[in-house]
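Worksheet for the structure shown next.
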Amino acid sequence: MSEEQWVSLSSEEFDQLQKYSEYSSKKIKDVLAEFNEGGSLRQYDPHKPISYDVFKLFMRAYLEVDLPQPLSTHLFLAFSQKPRQETPDHPKEGASSSEPNVSDYNSDNAAKADEACAPDTESKTTKTQAPSKELEAAAPWEDPGALASSSDAPVVYLKDVVCYLSLMETGRPQDKLEFMFRLYDSDENGLLDQAEMDQIVSQMLHVAQYLEWDPTELRPILKEMLQGMDYDKDGFVSLQEWINGGMTTIPLLVLLGMDDSGSKGDGRHAWTLKHFKKPTYCNFCRAMLMGVGKQGLCCIYCKYTVHQRCVSKTIHGCVKTNSKAKRSGEVMQHAWVEGNSSVKCDRCHKSIKCYQSVTARHCVWCRMTFHRKCELSTVCDGGELKDHILLPTSICPVSGDRQGGKSDGSVAAKGELVTQYKIIPSPGTHPLLVLVNPKSGGRQGERILRKFHYLLNPEQVFNLDNGGPTPGLNFFHDTPDFRVLACGGDGTVGWILDCIDKANFTKHPPVAVLPLGTGNDLARCLRWGGGYEGGSLTKILKEIEQSPLVMLDRWYLEVMPREEVENGDQVPYNIMNNYFSIGVDASIAHRFHMMREKHPEKFNSRMKNKLWYFEFGTSETFAATCKKLHDHIELECDGVEVDLSNIFLEGIAILNIPSMYGGTNLWGETKKNRAVIRESRKSVTDPKELKCCVQDLSDQLLEVVGLEGAMEMGQIYTGLKSAGRRLAQCSSVTIRTNKLLPMQVDGEPWMQPQCTIKITHKNQAPMMMGPPQKSSFFSLRRKSRSKD
């Protein structure tokens, strides 16, 4: 390992690589299978060093796109090293290992562990670090082709690359440990020697540094882990010894991506490594957490905080999230956690100093904080979020012999005695079911998930990656007056509404939205905004308490292709919540979608998205792929054909809500003196009558808008033009096409061969409205002047 020549990625490049990994549908195991017979990489030997060209092929197979040249070159140089010299400690593949001298191994074990965990002076994660001089000579930055053409060009060992990338993937820690073991067990004898373990630990340390861990804490922990893994002291580590050692090293589990879903309610902490912005003390040893990176481990459920070195000690357990009593009526007691409460005491209202870690404590459930001498009643009522929170005394067990799953959606073996839980909420409360899509908004969803785990009971917060909305809906199925908070984009909201339909509720629960990411047209219409920007979640929860209800129309989308045509792309949804369009805007959206899948790092902000949309709109203006759309479609509104022969259109949009493309209103505003609320649902196509038609998301009517071209679409999107051309307002729409055309529903585009499309009303879903926007100073001035 001493001959290794590391070139660190910058933090921006590491984030860029993670985004590519998140967008890819492939796993490392899938790509390794390509080296087998019949695979796309079958002509290469994965056990031998690979060149830059093979490295690019491997990364393309894994990420499904070509990496940008600077990132690809820098990543290759980060793994490049001189060919390894075979030593007795690292036997050749297929060779039988001679039995080592156990005493020599034990005496040298600590030294080897020190070497594996030693500081890597050539891998500091600085943004400006350049390749070493030796590598620059072999592979100049400006000429990546020299990486392959030079006779002494650097190479990489595929094992190192695979181990590194596998640490970035989601999955169970025990699966990652087993995967890395089998990856480095080159002779397949079921044993790892010290050199092989050193290589794995080296990759772990590099990933940890990119994640802003403080290596001064992690190195001695990994050193101790290596020393203790070899339980029988025979000089080698078996698979079971490797997994047992890794699964009992909590900082390593956090690095591997600890799955905390199974620890809810059983008193186990769910740890995350954290950087503290203010002085913080260890709850075990009382010493301050030091360091410039992420200094310590913090439980996402109760905020119990410890050093990495203290986490393996005998520490207090986490809070219980449910009750052991089989009947309601149990009195809820405070669940105290000491220290790290730099706020005012809720009794004496005096400030609590950060160093008073022993003299003050706070309750996990109600958030009340007291000096020890100021504590009042021991009874906890849930605090300011008591209308939403499920206290542990409200989740009671019901034992029974049942084949299937628990009431919270988890699966049990046949005939196994499982513990079911029922929710008995406090009178007058409205328990909140929180469903979080961790993939929404980049990493924003993951942070939101952790915050809600602390603000509410972890039992009522569900990760949509673990079985979707169904487990949470099943857990709350018989709970009266509960509400749902959907955390994600419009697609996540539609997914949750579909699952609510299938859950057969007697009364559908109302749904509020915490929008993550960009776009979020439905959330905008419901006044929840275009995207969460880091405000107080407690404030949002208080706003939900006062939210009025509105019924959202939902529509069937039936696409019937003609029998004689070939199958096109798969239709994304058969339910429409927001809008459907065909023609120029769908063509732009399709190009936008394809480019975002290929280069996700270029679409990480609303401003960048608008610029890309403008570029695609400009190119579509010259291409005019949907010119003379009226020659290729027939439009019927409530069974009446709309004459398009005298209208030169390149696109048609069917609207349910007054927002599209992140806030664009294609229907336009209707002046108040012209607005007419229609009592009948008869189709309206007369241009004069359409000027008076008001758009409403709960009127069981659709609005049909025509678009003249990409230039007009761009003007509407950028605010230079108010709206498109109103064609109709009706309760059902039928469209027939005679050629391949771009289409989209709720922001998901596809290419559709000739077909018949029918849009009819499905049902209405109760949604919660956000608070009305506060009037600005200038609007108040205008109002006061008008009164004068």
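In case you wondered, yes, glycine gets a Cβ from its N, Cα and C as well.
Record features, source Swiss-Prot:
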type	residues	note
BINDING	Asp185, Asp187, Asn189, Glu196	Ca(2+) 1 binding site
BINDING	Asp230, Asp232, Asp234, Glu241	Ca(2+) 2 binding site
COMPBIAS	83-93	compositional bias 'Basic and acidic residues'
COMPBIAS	95-109	compositional bias 'Polar residues'
COMPBIAS	111-125	compositional bias 'Basic and acidic residues'
DOMAIN	172-207	domain 'EF-hand 1'
DOMAIN	217-252	domain 'EF-hand 2'
DOMAIN	427-561	domain 'DAGKc'
REGION	83-149	region 'Disordered'
REGION	765-788	region 'Disordered'
ZN_FING	268-318	zinc finger
ZN_FING	333-380	zinc finger
Worksheet item: Using an 8 Å cut-off from the Cβ centroid of Asp230, Asp232, Asp234, Glu241, can you name the remaining same-chain residues around the Ca(2+) 2 site, in sequence order?
Response: Met229, Tyr231, Lys233, Gly235, Phe236, Val237, Ser238
Practice prompt. If we count other C-beta atoms within 10 Å, could you say which of the binding-site residues Asp185, Glu196, Asp230, Glu241 has the fewest?
Written response: Asp185
Worksheet item: Which three-state DSSP class does Glu196 (Ca(2+) 1 binding site) fall into?
Response: helix
Worksheet, complete the sentence: Cβ-Cβ distance under 8 Å, sequence separation of 6 or more, same chain as Asp232 (Ca(2+) 2 binding site); the residues meeting this, in order, are Glu241
Worksheet entry | DSSP-assigned states of the zinc finger (268-318) in counts, ordered helix, strand, coil | 0 helix, 13 strand, 38 coil
Worksheet entry | Composition by DSSP (helix, strand, coil) of residues within the domain 'EF-hand 1' (172-207) | 26 helix, 2 strand, 8 coil
Worksheet item: In angstrom units, rounded to an integer, how far apart are the Cα atoms of Asp185 (Ca(2+) 1 binding site) and Asp234 (Ca(2+) 2 binding site)?
Response: 17
Worksheet item: How many Å lie between the Cα of Asp187 (Ca(2+) 1 binding site) and the Cα of Asp234 (Ca(2+) 2 binding site)?
Response: 18
Response to the item:
If you measure between the CA atoms of Glu196 (Ca(2+) 1 binding site) and Asp230 (Ca(2+) 2 binding site) and round to the nearest Å, you get 14
Worksheet item: So how many other Cβ atoms are close to Asp234 (Ca(2+) 2 binding site), meaning within 10 Å of its Cβ?
Response: 15
Response to the item:
Students should find that the Cα atoms of Asn189 (Ca(2+) 1 binding site) and Asp230 (Ca(2+) 2 binding site) sit apart, in Å rounded to an integer, by 16
